[in-house]
Amino acid sequence: MLNLLQGCKDFLHLTLSNPEHLDPIAPQPLYGHTLVSLWDTGVLVFEPVDGNSHKDIVLSSGVHGNETAPIELCNGLIQDVLEGRLQVKERVLFLIGNPAAINNGTRIVDENMNRLFSGEHSRGPGLSNPERVRAKKLETYVTRFFEKGAEKGEGRQRIHYDLHTAIRGSKHEKFAIYPYRPGRAFSGEQIMFLAASGVDTVLFHHEPTTTFSYFSSELFRADAFTIELGKVYPMGQNDMSKFANTREMFKRLICAEPLELAPFDETQVNLYQVCRVINKEVDDFEFTFSTDVENFSAFPRGHVIARQGGKDILVEQEAEAVVFPNAKVPVGQRTVIMLVPAVNPHVE
């Protein structure tokens, strides 16, 4: 496997050439200081040979197949490790989420994978399509990875950054969604790590979801985020210079280099609280704003933002901003997240 990986020098190419399955390969030494193992197609683990690490880090991309910049970003980091330019000093699990959709150049094959975690893949119709099957496998790999880390002792930090890009433009180009975590403070250190990575906007979610990051946060108490790194572009057409800060901070993280983070300062970041989500209840749901409205566009109290079933849907707060508006989702799914500025969030 090592010869195969180093020969092709492109883990993404290997994954996309085998979108459904790759036989697992046991850990093999790399340059005398790193162990590399393959668990499945798009599932690669690096860990230091000496076992001396303190963090278990999951970097996932490609859960949506047309969100290519994070895929290219992670593939570049993988390539640098395989070719000896980077030496990982923490345990790292790289996941390329949806190879079939990447090959298609589409967001999904049959269903939105990022609504299928925390067991949702097996509810309703069950494991009825490739996204549901893959989501279940990805849960298994994350579980295995974090549980193997726990064997190395208590006090290890668990991290999961699920990387995406957005369909539409945004008033804040890069932003992160902090999953709902009742009874746990939000991490100021993590927020400032994101800021140093160029992600200066954070949304605090208000309820459980079935996203990949919520799965890791809830089940393993990981510092987990859904991170949006800009706008969707076709593979090979991303300006990777826009991700220089993100790449640098990820490199420091997996190589256990000093992060040099500023103390938490809410004036240096944009913090939003999710105040509600609006679900599609009937087929005639429609927004009143244009299809190219940017994420974080705000509307005043009383403004009609959508209609469905002959009823107007109004802005309820003094002002509410929209994120991820999509009127074309199936009935029963979320059409938009509504935001207000976060007031005194519990950050430690």
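Each Cβ is built from the backbone N, Cα and C atoms, and glycine gets one as well.
Binding of Zn(2+) is attributed by Swiss-Prot to HIS64, GLU67, and the same site annotation extends, among HIS13, HIS121, HIS160, HIS164, to HIS164.
Across the fold, the C-alpha of HIS164 (Zn(2+) binding site) and the C-alpha of GLU228 (active site) stand 5 Å from each other.
The C-beta environment of GLU67 (Zn(2+) binding site), restricted to residues of the same chain at least 6 apart in sequence and closer than 8 Å, consists of SER61, ARG107, LEU163, HIS164, THR165, VAL232. GLU67 (Zn(2+) binding site) falls within neither a helix nor a strand when secondary structure is assigned with DSSP, and so counts as coil.
For the pair GLU228 (active site) and HIS64 (Zn(2+) binding site), the C-alpha distance works out to 12 angstrom.
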